[in-house]
Amino acid sequence: MAPADAPPLPDGNNLSESLLSRPSAANPEGTGYNSMAPVATGLTEAEAAERLVFFGRNALEEKKTNVFLKFLGYFWGPMPIMIWIASIIELINESWPDLGVLLLLQLINGLVGFVEEKNAGNAIAALKASLTPKCTVKREGRWKNMDASLLVPGDVINLKLGDIMPADCKLLEGAPLSVDQAALTGESLPVTLYPGDFGKMGATVKRGELEAHVTATGKNTFFGKAAAMVNSVENVSRFQKVLFKISMCLLALAIVVVTTIMIILLSEGVNLLRTLAICVVLMVSSIPIAMQVVSTSTMAVGARKLADMGVIVARLGAIEEMAGMNMLCSDKTGTLTQNKLKLYEPIVVGDVTARELIFYAALAAKRMEEGQDAIDFCVTKDCQSEPEMAKRLEDFEELEFVPFDPTSKKTVATVKSLSTGKVFKTCKGMCNIVLDMCDPSEATRIRVVGAVQELADRGYRALGVAKTNDAGEWVFLGVLSLFDPPREDTKETIHKAVSMGIQVKMVTGDQTAIAKETCRSLGMGTGILDSSVFTTGEIEDRGASMHDIVKDAHGFAEVYPEHKFKIVKMLMDSGYTCGMTGDGVNDAPALKRAQIGIAVEGATDAARAAADIVLTDPGLKTIIDAIWRARKIFARVRNYCIYRISATLQLVFFFFFAVVGFKSSVQQNFPDSMREVAAAKTLFGESPEEAETVFTLPVMALVAITLLNDGLIISICKDKVVAAQKPQEWELKEIFSVACALGFCLIVENCSLLLVGLNAGPGAIAGDSCGQDQRWYDEGTADPTPCTGFVADWLGDDKLGTITYRELKTLSYLSLSVSGFMTVLAGRTRGPFFERRMGYLLMSATVVAFIVTTTLALNISNISSDLDMDSLRGKQVAFVWGFVVIGFLIQDLIVKRAVYFAYDWYYNSAAELKNGVDYMHAIVSNQIEEERLTMRRTSVSANGGKMAGMIFADGGAGPASRPGSAYERFSHRASGVGKRSASEILMEKKLLKLEEEIAFLREEVSRKKDKKK
């Protein structure tokens, strides 16, 4: 609690202004907790302790979740609730094996999800702990190092080379600081802060040393506001939504069908308790109780493999979402680029070579062991890359150095050659400033201005270089061009991403011109928009929706955290599965908002905390590898869902048709004495021994099918699959179409075998012809003739040629179990089942399932006499296997492939049209930019020297960033404002024609989608 006399917390988004807005005569720096400590002594420990209580710790607010409650959360939800209900009913029926199986599934399901996400959280926490920030603060007149989280407003801190600003602060008197704010604003170049300027928490000091007053800490900093935006987002996993839909659909179907079966059983006189037991187990066997544990285990295994690749998965659901990612918004600085300046081919004007131009620029740089300005470091390093130049540079002694400042816009060095004793000056700086120092010819000025304008259009930083001659006069030597280059593997990585069906958009806080050049060099397109698109009504005035503008743009520049947040949200609202990469505080809100937030190597704590996936290796290449792995994981989960849906349909509808369609055959073809079932105990009493009037399987047989098939199918997490070439969506229509087709084959197959078995009974046509009727079984007076024929030879016994009712049950059990597991083989490929080898674990599980099921069928009588099932003979098992294999081949080679062929034919036409629209749009956008750039260069050449003052009068970094520049005026003219040239009118006509073609293609796509619905 704050002391009673503490003033109220300042209003507003940032305390910086509030803390400095309460001066008084006695204390010009403010009063109470808002006062700034004296520079000489700093705060006392008592004052700091009071302020710490009042303002709180200087740390991000994180949502803390009770570990125990989080663990219990894994046992609550649609699927766990179904398992709990089934467990309660099994408890009522005293079916202890069934109850044990259900509870074991529930426990495994919860433990796998909890443990895997906890391990990922621990890995990220370890990364965070290794980077705990420290600071140097003055307390009671002494400097000391301490945890930055203990800083309070009013503290005096020391900032020096390499320090990360621990809080928002106001710089005190002294030399200016060069500060890297890339993690906050996305700017690739350091900025210079002067006494009285405000620094932001998270910025890195690149050069200089200065003291500062802390003005805001924790949630009140720029850093903290971004974190608050992060905490406002709650995402629901796409996988959880899909799993819920599938589960609810299957559950609803199972409830309807099982309820119908229950009514029929009761109407046929089956005992209530026995009916309840059968229906409950049938329900448990039908609903996908193992779907959650199989899916979670599959993703957990994938998460471990991704960790070996340098990808830490903080949320398991992100793996599935990454498989479907079709839009990747990437930060520029440090992700697409190296975040290091590089010299490009210089433009030589004077009587020097290109290497000599760089050499004289290096002489005009401050030579330091560490703490060099980014530009000085780049020029010096390039010069020293050649041994001869490095040796020559050492021959010159720096006599005087005038650093860069906003007024002079240049650096000047006076140097002396140690070998010759010659003294002269060198200079580098803004080209117009250096040109004015040299008084060049008009032709030289026009050439330089044109070159600089072209460099500015491409986002390059242009530096003029000059030196004095023997007479002490300045001579202009040429222009250096600097740029933050892309990483070596970025272009190839983006090309791979596009070939995989992923659109890549750049989202950066850097200048528009720089963003365009980076995009151009990476082949990403040049349709870059700045943040003004979110604040002006220009787009709406033209009749275009903001969502369409965001979707069609190639990237965004000069944006702030809230803009990145909006961009990601709009793309998600437009139907994209959106990923976002970033490393800075300014990226954290968008990382949290995106379906897949990816914190790249070296990311800040805020970015890692907001992300779903954390990369420990630099660049985007790791992301592509992770996407391939995620698509394989998705394929395994999808294959399991197809199997599980078809298996549910098999069980539910097999028993439905057995009860509804074959009840008369059961009673006619098998005597009552054959159909008697043993008594069973429940918590509510004992169901008596009675003769079945409809076909059912014992409870334990259904449990065996569920346990064996669902228990071993978890091995699908290691199956051998091929990653898809395009983003993977949950095409539920396709999944249900394929699963229903496979399930239909299973239903027909098993019902057909049941019909064959019923007709092989003693009361059937075959039995009647042999004298095996009801009277013979009841009285035993007739001497029947053994039945003959193909079915009798394979299914019937050697003496009578017919089968018993208990053997029929075992036949059906073997058929249901084997055909169900064979569906895994059909569901894992789009082509024939043999087109791809199974994973060794799945292959082993399949063999085990077949062996165990067959062994049970051969020895069921020896296991228990209360199961109402008889052991099969070898010929009967062979008959069932042959029947099932033939059905499987029809299912896999004909039915499944026909469904996939029809689905692909119907839906691919719309996809091809959409790809055509996107391709046409990319061509149009590139043509627009190239023609505008060509016209602008023509305009620069025509106006030459007149443009020099207009372009460089304000000394800005480039024309694209300044209102009223030639670039902006040209853009307005190209948009139809003001007088237009013939070439502009011609370009506009071309664009209108292309836009009409795109509109036509969009209508075609829309028509296809309507037809699809």
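Each position is counted from 1, following the chain as shown.
Note: Cβ is positioned from N, Cα and C throughout, glycine not excepted.
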Where TrEMBL places transmembrane segment among the ranges 95-115, 347-367: 95-115
Same-chain residues at least 6 beyond the ends of the transmembrane segment (735-758) whose Cβ lies under 8 Å from its Cβ atoms: 249, 638, 641-643, 645-650, 653-654, 657-658, 661-662, 665-666, 669, 695, 764, 791, 795, 803, 807-808, 811-812, 815-816, 819-820, 823, 826-827, 880, 883-884, 887, 890-891, 895-896, 898-900, 903
Which of 242-266, 694-714, 810-827, 878-895 contacts the transmembrane segment (839-858) most, counting Cβ pairs under 8 Å: 810-827
Averaged pLDDT score, the domain 'Cation-transporting P-type ATPase N-terminal' (32-95): 75
Top partner of the transmembrane segment (242-266) among 641-662, 810-827, 878-895 - counted as Cβ pairs under 8 Å: 641-662
Positions whose Cβ lies under 8 angstroms from the transmembrane segment (810-827), at least six residues beyond its ends: 639, 642-643, 646-647, 650-651, 654, 695, 697, 701, 704-705, 708-709, 712-713, 716, 738-739, 742, 746, 749-750, 753-754, 757, 795, 803, 833, 838, 842, 846, 849-850, 853-854, 856-857, 860, 869-872, 876-877, 880-881, 883-885, 887-888, 891-892, 896
